[in-house]
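See structure below.
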Amino acid sequence: CQDLVPCGKDKYISKNELLLHLKTYNIYYEGQNLQLRHREEEGELIVEGLLNISWGLRRPIRLQMQDDNQRIRPPPSSSSWHSGCNLGAHGSVLKPSTLPDIQVTEAEATPSAEAPGSSSGPRAQAEEQPQLLRTRSDVGVRRRGSTRTPSEQRRLRRHRFSINGHFYNHKTSVFTPAYGSITNVRINSTMTTPQVLKLLLNKFKIENSAEEFALYIVHTSGEKQKLRGSDYPLIARILQGPCEQVSKVFLMEKDQVEEVTYDVAQYIKFEMPVLRSFIQKLEEEEDREVKKLMRKYSILRLMIEQRLEEISEGPTAM
């Protein structure tokens with residue numbers, strides 16, 4: 001039992017086989033932050049790292065209006081909201097900068113047009129040269145103003161992550177993430193599907209319940225496999241292989257998606273004439289099987305009727 005790793009309800013995989021899959025996984029993501037680490041605790045193999053999850057929602061989600069301290073967060077102004085525009089580090093809103101006032105004197109007249117009797121000393125030449133007043137750069141102001149008070153630092157730490165640039169806003173607190181856009185969450189191989197869902201929703205401060213959603217492994221062939229509550233998404237990702245061009249983990253609504261088996265998925269991408277020909281052949285095969293069964297049971301019926309007649313005629317003959 002110590003050499004087996006659970007990957008679902010009544011499903012196990014050997015530790016050596018899982019390590020081989022993990023080695024292939026890390027070679028594929030060599031030099032990237034998607035590589036996974038593993039360790040053993042009390043004889044149990046634990047894998048941890050980032051798991052990519054694609055948004056596949058069809059209905060809008062709701063972002064929480066309150067932060068961790070249950071204080072209502074004032075929504076930013078609408079002028080500073082458009083796909084993350086004017087958002088600084090950690091989601092702080094930057095005020096639009098104004099151009100500094102630069103005063104420029106008129107250019108010095110040409111020597112030919114110089115008025116007679118004008119002084120040509122060094123002081124006069126200096127006064128006649130165009131002057132630019134020295135101003136403070138906005139960049140320098142922002143750099144010197146980067147030191148924040150402890151209360152501002154706590155507020156920035158409490159700030160939620162953004163979903164494709166979306167933070168809480170009174171106009172966009174209810175929205176649908178772009179289909180197929182990818183996020184990630186740090187998990188380990190001992191976390192089940194409901195735990196991963198709750199962790200993902202808490203990361204983005206999503207108000208919806210985790211019971212509304214499910215994780216699916218979607219293949220390019222059209223196959224859709226729902227991860228059960230007892231499954232371990234990170235192990236399922238490792239066993240599926242690292243290439244996301246073959247399969248991806250999607251977050252979807254439970255009542256909006258149906259599972260598609262491999263046998264059905266292989267027919268999805270066929271053209272309609274080909275599918276009709278398949279249906280016609282299946283109908284012909286079905287008719288042949290029906291006729292075969294009808295002949296078989298009609299013969300059995302005749303045999304039973306003959307036997308019944310023989311039984312009924314026997315006592316009368318005696």
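A Cβ is built for glycine as well, from the same backbone N, Cα and C atoms used for every other residue.
So that you can see what the record holds, here are the features copied from TrEMBL:
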COMPBIAS  108-122  compositional bias 'Low complexity'
DOMAIN    168-256  domain 'Ras-associating'
DOMAIN    264-311  domain 'SARAH'
REGION    67-86  region 'Disordered'
REGION    108-157  region 'Disordered'
DSSP helix/strand/coil residue counts for the domain 'SARAH' (264-311): 42 helix, 0 strand, 6 coil
The domain 'SARAH' (264-311) [mean pLDDT, rounded to integer]: 87
